[in-house]
Amino acid sequence: MTTWIIGSKCGMEERLSSPNPRTYIGSGKVSEIKSAIHALDVETVIFDDELSPGQLRNLEKAFGGDVRVCDRTALILDIFNQRAATHEAALQVALALMEYQLPRLTRMWTHLERQAGGQVKGMGEKQIEVDKRILRTQIGVLKKELDSVRKHRKQYRNRRTSVPVPVVSLVGYTNAGKSTLLNRLTGANVLAEDRLFATLDPTTRRVQIKNGKEFLLTDTVGFIQKLPTMLVAAFRATLEEISESSLLVHVVDISHPLAEQQIEAVDNVLSELDVSSIPKLMVWNKVDKAKDPQKIKLEVERREDVVCISALTGEGLEEFCDAVQDKVKDSMVWVEALVPFNKGELLSTIHQVGMVEKTEYMENGTLVKAHVPLRFARMLTPMRQLHISEPHP
């Protein structure tokens, strides 16, 4: 089987001031591709951009035979469909696929009637309208299921936030090494392969660093350039994990020749998620694979907002944990609280999740001066007031 790719830096490209509304490419290029299809026995033609339903139909008609025309969105959805390993991921991908297919239905979709159990009324309708109605019904069912998933995830996050450990989310372009970093730090054994979208489900694990401090590390779905809007919408339950973070760690494959463009693509998706208020840390990963690792390390030394690592070899991970701790501290608040002696567990939690500067034993309890997460500071409010009212010598 031969696949022909149309687009920038691909198998074939064409420069036009604007896409042809009927066929995306010009009529001359359509003829050229048709000749190549017959000469090379091509079965699939992929366009590195999104095609309208009309453009897809016109191109398939022009190319003739059983040639499949596939645009960028369909290809991404197909890859996501292969990677969906859990019920939640399968639901999200199925919803995105159906919403993509709805305006592109042709008579090939008569199998939908069988999926609906044969319960199809109005057989006087054109078959395409029957199929569309069935597909809309299935989309409604999937959306209800995903609403249930979102509620379950929110309940899980609420339980998690009741234990005030900072949450750090790994974000980045697909195949940047996020899952490898999670595995290296936590031994989570999350699928980490050299392929696109190996991870579709968020995975959260606890990380304990040398000084005894802890944080929760979450691996999220990888981003790409021109990520289809319907995928962002379908994966909202997954991406909402990011919005609950104390810190976003943007993992970059610094060895990739298009690293700058990938950084921009991730920033664009993050801007859609309204997470601009969350602190960020840039991590240049795969330094061991770069052409000039020393040059990259020197560049990092000149910048305060970047850490250089190799998740595969473990290089730079101690500096990474230190940077995470510093960033998390910046998002904490300063408290001075008098913890009663009978609240020993609370005092241990302050040491575990906060950054204690000083402890002092007083007549009615332990005076703690520390940086702690905001939600934990609220829990300490009565004890902070107790400290204020405590008589000082």
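Glycine is treated like the rest: Cβ placed from N, Cα and C.
Just so you know, the Cβ of Val221 (GTP binding site) picks up 25 other Cβ atoms within 10 Å once every protein chain is counted. Here TrEMBL flags 172-179, 197-201, 219-222, 285-288, 310-312 as GTP binding site.
Taken from TrEMBL, the feature Mg(2+) binding site covers Ser179, Thr199. Around the Cβ of Ser179 (Mg(2+) binding site), 24 further Cβ atoms fall within 10 Å across all displayed protein chains.
As annotated by TrEMBL, domain 'Hflx-type G' applies to 166-332.
The binding-site residues examined here are Lys178, Lys286; by Cβ neighbour count within 10 Å, the least packed of them is Lys286. Sequence-distant neighbours of Ser310 (GTP binding site): residues of the same chain at least 6 apart with a C-beta under 8 Å from its C-beta are Asn285, Lys286, Val287, Asp288, Lys289, Gly316. Asn175 (GTP binding site) counts 22 other C-beta atoms within 10 Å of its own C-beta, drawing on all protein chains shown.
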